[in-house]
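> Have a look at this one before I ask anything.
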Amino acid sequence: MQRLQVVLGHLRGPADSGWMPQAAPCLSGAPQASAADVVVVHGRRTAICRAGRGGFKDTTPDELLSAVMTAVLKDVNLRPEQLGDICVGNVLQPGAGAIMARIAQFLSDIPETVPLSTVNRQCSSGLQAVASIAGGIRNGSYDIGMACGVESMSLADRGNPGNITSRLMEKEKARDCLIPMGITSENVAERFGISREKQDTFALASQQKAARAQSKGCFQAEIVPVTTTVHDDKGTKRSITVTQDEGIRPSTTMEGLAKLKPAFKKDGSTTAGNSSQVSDGAAAILLARRSKAEELGLPILGVLRSYAVVGVPPDIMGIGPAYAIPVALQKAGLTVSDVDIFEINEAFASQAAYCVEKLRLPPEKVNPLGGAVALGHPLGCTGARQVITLLNELKRRGKRAYGVVSMCIGTGMGAAAVFEYPGN
């Protein structure tokens, strides 16, 4: 019945402000550990760098991907040939980066006998890779797999939608798929009353939380140092080692944010300061069937309890998490109050703030280490990065707990996954 109510809510559409998504209560208590559980063994990511001007501006995505693939296997001392499959999320490379990702595999000394695929569900591609590998484990295709995400927004063509029929003009929703993301942010702000001040307040909080987390070293366990080469304007090359996220601005103030001009619309409220940053980065996550992880003596960082993806109107795609999270919680038998951390991608402060309000999430539970406004949003990488950040933060806290990863998706979707940290 609850699932039906959620689906009916989708059909009524977001304009129905009277609808409040609710997850079904947990009737049987916390899930019991099962040998068939899909568990997260380990995950690492690169630092996230500013596209076009940061430490990875001249680094190809296969190199970024290889760095995290190699680190994850080395950290847990797993032989590469023990992998049953690899899935890589990517948005901007041709063919979702299928050739690039296979090259990264070989750069990481993972043998050709290990298969690989790539997936593009836009901003949720990294999380979709996790879901794809989890599906293979659940259906018995293999016991261990690697889910990754990578994006070089420095080196990719971001403005080409590909070969599209002129008939799209005949269908409103088809046309809406080509609306610039910044305009969808403005649509959310206008239709749901998310003011410029509210967006800037959200953005400031993201920067402050990320700066505090970085100063405390909270990201160190996640980040793989990457030594690479950068070229200056004169063509001079130099070697650098990138060890920390570049987009965090500790000196951000409300006054500074208020001075920024609208980025997408003359009288708009979405600015460079309250939007996610264009970024480069990669992440890799090792998943396994619990029984296999225990057999090999591998650590268990978390358990994937549910995954959901839903559709929403393309012109307000940013509302996706507000519709995906209730479905994922319902699948896991949980409510909002059962969750300690919500990692919601901050594509834009407008849509993130809307989702927090719509779901009535306690602000202190949302992105406690900051989000994409401060850290950046390398499209294919983000979902995997969020999983790693979430589970490492739950590990720092120590107790058994649940966390949610969610994001909006261009062309009108939302994805969400529920993870359990088993406790120290």
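Placement of Cβ uses the backbone N, Cα and C atoms for every residue, glycine included.
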> Kindly point out the range from 1-26, 53-78, 365-390, 391-416 that Swiss-Prot annotates with region 'PTS2-type peroxisomal targeting signal'.
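Going through 1-26, 53-78, 365-390, 391-416 one by one, Swiss-Prot flags 1-26 as region 'PTS2-type peroxisomal targeting signal'.
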> Long-range same-chain neighbours of C123 (active site, acyl-thioester intermediate), Cβ under 8 Å, sequence gap at least 6?
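Same-chain residues close to C123 (active site, acyl-thioester intermediate) (Cβ under 8 Å, separated by 6 or more) are V91, N345, A347, H377, L379, T382, G383, M407, C408, I409, G410.
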> What does DSSP call C123 (active site, acyl-thioester intermediate) in the simple three-state scheme?
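Helix, per DSSP.
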> I'd like the number of other C-beta atoms within 10 A of the C-beta of H377 (active site, proton acceptor), please.
27
> Which residue, of the modified residues T59, T60, has its CB surrounded by the fewest other CB atoms within 10 A?
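Among the modified residues T59, T60, the lowest count of other Cβ atoms within 10 Å belongs to T60.
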> Express the predicted model's confidence over the region 'PTS2-type peroxisomal targeting signal' (1-26) as a mean pLDDT, rounded to an integer.
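For the region 'PTS2-type peroxisomal targeting signal' (1-26), the model's average pLDDT rounds to 42.
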